[in-house]
Amino acid sequence: MEIRVANKYALGKKLGSGSFGDIYVAKDIVTMEEFAVKLESTRSKHPQLLYESKLYKILGGGIGVPKVYWYGIEGDFTIMVLDLLGPSLEDLFTLCNRKFSLKTVRMTADQMLNRIEYVHSKNFIHRDIKPDNFLIGRGKKVTLIHIIDFGLAKKYRDSRSHTSYPYKEGKNLTGTARYASINTHLGIEQSRRDDIEALGYVLMYFLRGSLPWQGLKAISKKDKYDKIMEKKISTSVEVLCRNASFEFVTYLNYCRSLRFEDRPDYTYLRRLLKDLFIREGFTYDFLFDWTCVYASEKDKKKMLENKNRFDQTADQEGRDQRNN
């Protein structure tokens with residue numbers, strides 16, 4: 001028996017599960033276009049789909065932000081229909097034998113930083129920056145990296161005055177411990193600096209293949225978090241970035257130097273990574289390590305055909321966000 005959502009979308013195979021519900025693929029019964037559908041039980045103790053749908057509405061229209069087509073309650077489920085995307089960077093990392101080249105890390109970093117800056121420009125911080133929450137697109141958008149999962153996102157400043165909400169301590173860790181900033185481990189209220197620092201750990205994860213605080217033995221969740229924090233604090237940036245270009249040391253030291261209310265200099269960080277790109281003689285051709293493995297010949301052709309369009313979009317995106 002076919003299950004329909006909003007009498008418009010036919011529910012298909014299950015794509016995955018999270019702590020907050022399940023994700024399915026669905027087809028528009030008229031156009032046959034595919035979408036992603038998130039289902040959350042109306043009996044959930046910690047519902048978040050309503051909150052997340054509101055976030056997507058606020059972020060709507062941003063480059064690399066999925067579009068929501070329908071939200072509502074049917075039967076025992078709260079449902080959200082949104083763009084169907086490709087695999088996550090974590091999936092692609094595994095596909096590439098858990099190591100990305102410097103070129104791929106640099107091209108990936110550029111887009112991820114742009115997505116984070118856009119979220120910040122809308123007065124929110126993500127609070128769960130990790131490879132699983134960045135997905136490539138499909139078809140013509142196969143080279144475009146999208147940011148997803150805003151269930152843990154939080155407003156960090158007043159929308160009108162842009163005054164930061166107050167500094168607090170004694171907070172529980174929100175997000176993924178592997179990539180969490182040191183201040184997050186210390187229980188300090190998160191701000192923009194923490195998303196940027198988390199991205200730095202993601203980039204080193206991609207370059208190294210793993211992080212020094214992975215695989216630690218612990219008897220409880222709290223014990224594990226404590227051990228990750230201790231290892232993270234005791235591992236100097238220079239040791240963490242050993243065998244990586246000095247720009248990554250500069251990046252992380254900059255992140256750790258930011259004060260709670262500081263606006264990160266996204267342009268400086270982009271330029272830092274751009275200088276590395278130029279010095280290494282790379283070409284920004286949108287050919288990632290996973291391109292030959294994942295993309296079809298048709299998709300690869302589209303990537304090359306659309307290179308100039310994406311270059312122009314990225315330039316415009318940077319200008320737009322600097323005006324916020």
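Glycine is no exception: its Cβ is also placed from the backbone N, Cα and C atoms.
If you look up Swiss-Prot, you'll see 9-278 marked as domain 'Protein kinase'. Annotation comment: Swiss-Prot describes L15, G16, S17, G18, S19, F20, G21, D22, I23, K38 as ATP binding site, evidence class sequence analysis. Residues or ranges marked as active site, proton acceptor in Swiss-Prot (evidence: sequence analysis): D128.
Taking CA atoms as the reference points, D128 (active site, proton acceptor) and S17 (ATP binding site) are 17 Å apart. For I23 (ATP binding site), the same-chain residues 6+ apart in sequence whose C-beta sits under 8 angstroms from its C-beta are K14, L15, G16, S17, A36, V37, K38, L39. For G21 (ATP binding site), the count of additional Cβ atoms within 10 Å of its Cβ stands at 19 [all protein chains shown]. Mean model confidence of the domain 'Protein kinase' (9-278) amounts to 96 (pLDDT, 0 to 100 scale). Other Cβ atoms within 10 Å of the Cβ of L15 (ATP binding site), summed over all protein chains shown, number 14.
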